[in-house]
Amino acid sequence: MKRTRALSCLITMLLIAAADSTEETVMRLEMSHRDTLFPTSSHRVEDIISEDQKRHSLISQKRKTNGGGAKLPLRSGSDYGAAQYFADVRVGTPAKMFRVVVDTGSELTWVNCRFRGKGRGREKKRRVFRAEESSSFRQVGCLTQTCKVDLMNLFSLSNCPTPSTPCSYDYRYADGSAAQGVFAKETFTVGLTNGRVARLRGLLIGCSSSFNGDSFQGADGVLGLALSEYSFTSKATNLFGGKFSYCLVDHRSHKNVSSYLTFGSTTKTTTTRTTPLDLNLIPPFYAVNIIGISLGDDMLDIPMQVWDATSGGGTILDSGTSLTLLAEAAYRPVVSGLERYLVGLKRVKPEGVPIEYCFDVSSGFNESKLPQLMFHFKGGARFEPHRRSYVVDAAHGVKCLGFVSAGAPATNVVGNIMQQNYLWEFDVVASSLSFAPSTCL
């Protein structure tokens, strides 16, 4: 507003000073006014309108939520043969339901989609989003600043043969999975904690016409909860108080057992612990400052550089990773320490199970004899996962230590099985992580 007023005053002064000038001078002034508003191709009218609409939409939506929170049903993917957790999201206008992987390690939210005749359709019983049938679907053009600059980190592709060509992507995941498609802005409909519904307009979404990888088994897409300007988290936390939380039910639970992914505050209990969340350490992931691991009363001998992100280490929480990955210097003391309590059980190697330490427990197993594993955070908070979260069922009569070596140096990843039956609240404004044991029901 200030820039526009100052520009207007300047033009008026120039016109008065040059009252006896020719019409050509006035035309030059008018051209200068336009050139100042749109100085380069990176500030196209489409970009400016998009930013204004985004801001207006946010203002309108904040008024409609009335300070409440939003919640999405959340359940284990076990019945679908997946080691992930799924949420139900409603996309488009009219809203259509999709089952998506909840992934705090991914920035892009996408669904199985058909656009301009391209897409995989209802393959393998997956639901498909038909873009042309949604009145709120708006493609992102390949010439926009959003595509050429902002989305380059989301694997935005550079091909742009015509101004009407949509901005395309080839999004790659750490496990080798991938999704290809075009970017768009869409409306999401979410249930509120007060029983009403709200529409989140203008969210970035991927319309994926092609994707592959075991990570997507049983899913229609991915809900990207990593912290970045264009993730679902960024939009939702702006509207609902800067916080989101989830409680992961036991990973073996059936699909009729559900909890919630919630945006907004949760109720703290006497067992709630809080530790700093470092949002700038390993972006866009949620990094925590672990300083050690203990078994029972014994602190394990793990070099401090394992936890130092500036030396290639550090630790993140990731709902999209199943097992817990530890740098070799942490992995070896942990599994060796636990193995001592499993003496007498036969070591086995189940087919298709990429875990080093597995045991035949068909003759019986008492997990209460295992020592309590504990993650120690800087500042004094301690996370005590349930024993079934680090000695996991791999097959009938077989249990495995739920850890995988990540090599060295490596980022340590606390996976979703280790997180199960805890309520986790991510406060992206206060940069803190709160957690407490919970039944998730």
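Here the Cβ of each residue, glycine as well, is placed from N, Cα and C on the backbone.
Curation does not apply to TrEMBL; its annotations are automatic.
For D103 (among others), the entry in TrEMBL reads active site. Shown in sequence order, Q84, V222, L223, G224, L225, A226, D318, S319, G320 are the residues of the chain, 6+ apart in sequence, with a C-beta less than 8 angstroms from the C-beta of D103 (active site).
TrEMBL lists D318 (among others) with the feature active site.
Sequence annotations record features per position, and here TrEMBL assigns domain 'Peptidase A1' to 85-436. On the 0 to 100 pLDDT scale, the domain 'Peptidase A1' (85-436) averages 93 in the predicted structure.
Residues or ranges marked as signal peptide in TrEMBL: 1-21.
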Query: Within 10 Å of the Cβ of D318 (active site), how many other Cβ atoms are there?
result: 24
